[in-house]
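The next block holds one structure in the form of structure tokens; read it before the comments.
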Amino acid sequence: MKNIIKIGWQTLKKPSGYYSLGALVIGGFIAGVIFWGGFNTALELTNTEEFCISCHEMENNVYEELKTTIHFTNRSGVRATCPDCHVPHKWTDKIARKMQASKEVWGKIFGTINTREKFLAHRKRLAENEWRRLKANDSLECRNCHNFDYMDFTSQSQRAAKQHSTSLASGEKTCIDCHKGIAHHLPDMKGVEGW
Amino acid sequence: MKNLIKIGMLLSVLLPVTASWAAPGEVATLREKTSIDQQKKPGIIPKVINSDIKQARNYPMQPPVIPHKIRNYEVNLNTNKCMSCHSRQRTEESQAPMVSVTHFMDRDGNFLAEISPRRYFCNQCHVTQLDTKPVVENEFVDMHAIMKQKSLAQK
């Protein structure tokens, strides 16, 4: 056993005598493409709603609540799914978000929110994480679908037009400052700014 | 004798019932004479008026009606979405009308710092309006109309 490892290690350490540098570069390139693509495919697979609600923590709480909102059914038939609001579409942001998502797998293993009661007890912390993220990225996910530049204030309600043409237009506020709880029920809002 | 009483009791129970059966059209108005084994085709669900234009009140103490949509606005133990615009501290930013001072009073008339718990559930008194005709005719007459009639009669 020890010998096999030793031989393997030595082959790796030894400069290659059999393959030309060109072949190595090309081979490496191809391997890279395969690896990169595989990684991307894996990311795509986890970037679906089916994946998210494969965990009962996500299905029984937030998914059930989403069903009653405008982002699930509406007159135009355009749906927002979990990854639309929770995972940035851009690649680098995506990786950064996935790293954070590993914490969720940890949470799953240790059952931080595996009952409704525990979920409710933790909801404020989880919601605050989301608000912080959507504040920091200027509500990027919302803007992927709702583009401020194409908002027609004249066809919005007066209330909406007034708020959008002032605080939002000036950049003083972003979507999540005013639109908390659009997709799920809210936690205890005591002490939250604007409530 | 015992039997007579029994029959009497039975009749007194049955008679009023049969009397109301006499006019089925008047009872089953919402089903519009759809036979019992049929399901009526549901009507169109009217839209909530979202004009943001304040409606006149029909009498001074009337809780004002809500001139906008309130879909998915939560009012529960955790949060009160209405107060995120209509509370004293929030009205500058929201430009919404503040809840009236009566909302800060407890039942003994003392003013509290926050709205009183008995006024917490906004929709107990305030409701949205639907863009539709009333199902039942409303014969309410404004106080001012009555006063006007009276003063005309006195002339």
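Glycine residues also receive a Cβ, built from the backbone N, Cα and C atoms like all the rest.
Every protein chain considered, the tally of other Cβ atoms within 10 Å of the Cβ of A:CYS52 (heme 1 binding site) stands at 20. Per TrEMBL, the feature heme 1 binding site maps to A:CYS52, A:CYS55, A:MET58, A:GLU104.
Classification of A:CYS82 (menaquinol binding site) by DSSP places it within a helix. Of all Cβ atoms in the protein chains displayed, 19 besides its own lie within 10 Å of the Cβ of A:CYS82 (menaquinol binding site). As annotated by TrEMBL, menaquinol binding site applies to A:CYS82.
Marked as heme 2 binding site by TrEMBL: A:CYS85, A:HIS86, A:HIS184.
As annotated by TrEMBL, heme 3 binding site applies to A:CYS142, A:CYS145, A:HIS146. Look at A:CYS145 (heme 3 binding site): DSSP puts it in a helix.
Under the three-state DSSP scheme, A:HIS179 (heme 4 binding site) falls in the coil class. Summarising the environment of A:HIS179 (heme 4 binding site), the number of other Cβ atoms within 10 Å of its Cβ, over all protein chains shown, is 13. The annotation heme 4 binding site is assigned in TrEMBL to A:CYS175, A:CYS178, A:HIS179.
Per TrEMBL, domain 'NapC/NirT cytochrome c N-terminal' is recorded for A:16-189.
According to TrEMBL, the feature transmembrane segment maps to A:21-39.
Sequence-distant neighbours of A:MET58 (heme 1 binding site) (same chain, six or more apart, CB under 8 Å from its CB) are A:CYS52, A:CYS82, listed in sequence order.
Shown in sequence order, A:VAL62, A:LEU66, A:CYS82, A:GLU130, A:ALA183 are the same-chain residues outside A:CYS85, A:HIS86, A:HIS184 whose Cβ sits within 8 Å of the Cβ centre of the heme 2 site.
Summarised as a single figure, the pLDDT of the domain 'NapC/NirT cytochrome c N-terminal' (A:16-189) averages 86.
In sequence order, A:SER139, A:GLU141, A:ARG143, A:ASN144, A:ASN147, A:CYS175 are the same-chain residues whose CB sits within 8 A of the CB centroid of A:CYS142, A:CYS145, A:HIS146, the residues recorded for heme 3 being left out.
Note on the binding-site residues A:HIS86, A:HIS146, A:HIS184: the fewest other CB atoms within 10 A surround the CB of A:HIS146.
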